[in-house]
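Taken verbatim from TrEMBL:
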BINDING   52, 53, 91, 121  3-methyl-2-oxobutanoate binding site
BINDING   52, 91, 123  Mg(2+) binding site
ACT_SITE  190  active site, proton acceptor
C-alpha cells in the first residue's frame, strides 16, 4: 500500500499555543488505526486523538469504561506510526490515573514510552491536579478535559449538557484556571454552553478544543466515525456529517459481492 509523503512540519505542544496566539483554529479528529490516521495526517489535520472512544467505535462497548491501558497503547502505537505532522494525543483510560498520583504518573510514562504519542489526556479538574503536576514534572505534555467527562457517565447519570447553572459554571472556570496554571498544553471542553466555553477560552493561556461547546473555543474535535458518517442513528446537536462513508462502503461491498457471485471478478486482467 503506497502513501503520499507530507512535507508539513511536526506540530508540537508549543505549536498549539502559537496557533492560539495567532488566532488559527485547531482541527483535531480521533483515529485508532494506522491507515485512517495516515489519511488524516497527510490531509494536514493538526491533531489526532486516540480517544478512549475506541471502546465504543472499535470494540462495540456501550461506554468508554471497559478499555484498558494495554488496548489504548495498541491503538496509539498504530496511530503514532502514521503521523509525521499531527500532534498525537492518547487518552488515559478509566482507572489508570484515578487511584493516586504515583499510579497515574507510572501509567502516563508507560503510555508515552510504548505508544509514541506526543501527549496524554485526562478527564477532571482540581481533584486530579496533583496527578497532572506529577506527569508534567516527569516531562509529559498533558491535555485536560472538562465539562462532559464520559468516564464519569454513571456519576452524572448520562451524557447531558454540563455546567448549566452558575455554580457549575464557576466550578468549571475554576478548574480550567487551575489546569492552565499547572501547565496543561491544551484543554478539551465537552458539551458545555457556548458562552461559558468562550469565556474559558479567553481567560486561559492554553488552547481550548471544543466538542459540543460552540464556536468560541480555539479548536474543535469530533469522533471520526461520527464526522465521516459511518455511524447510523447517532446525531447529537453538535455533530455534522462531513462525508457519507457508511453509504460508500455499503455500495462498495455490495458491488464486490455481486462481482464475486456473478464471476466477473477477478477477470482475465486481474489474474496471473
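Quick reminder: no glycine exception, Cβ is built from N, Cα and C everywhere.
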Those residues of the chain, 6+ apart, with a Cβ under 8 Å from that of residue 91 (3-methyl-2-oxobutanoate binding site): 49, 50, 51, 52, 53, 72, 120, 121
Under 8 Å by Cβ from residue 190 (active site, proton acceptor), counting only residues of that chain that are 6 or more apart: 145, 146, 147, 148, 149, 150, 162, 210, 211, 212, 213
Most Cβ neighbours inside 10 Å, all chains, among the binding-site residues 52, 123: 52
Residues within 8 Å of the 52, 53, 91, 121 Cβ centre (excluding the 3-methyl-2-oxobutanoate site residues themselves): 30, 49, 50, 51, 54, 64, 72, 90, 92, 93
Mapped DSSP class for residue 53 (3-methyl-2-oxobutanoate binding site), helix or strand or coil: coil
Maximal Cα-Cα distance (Å) across residues annotated as binding 3-methyl-2-oxobutanoate, namely 52, 53, 91, 121: 13
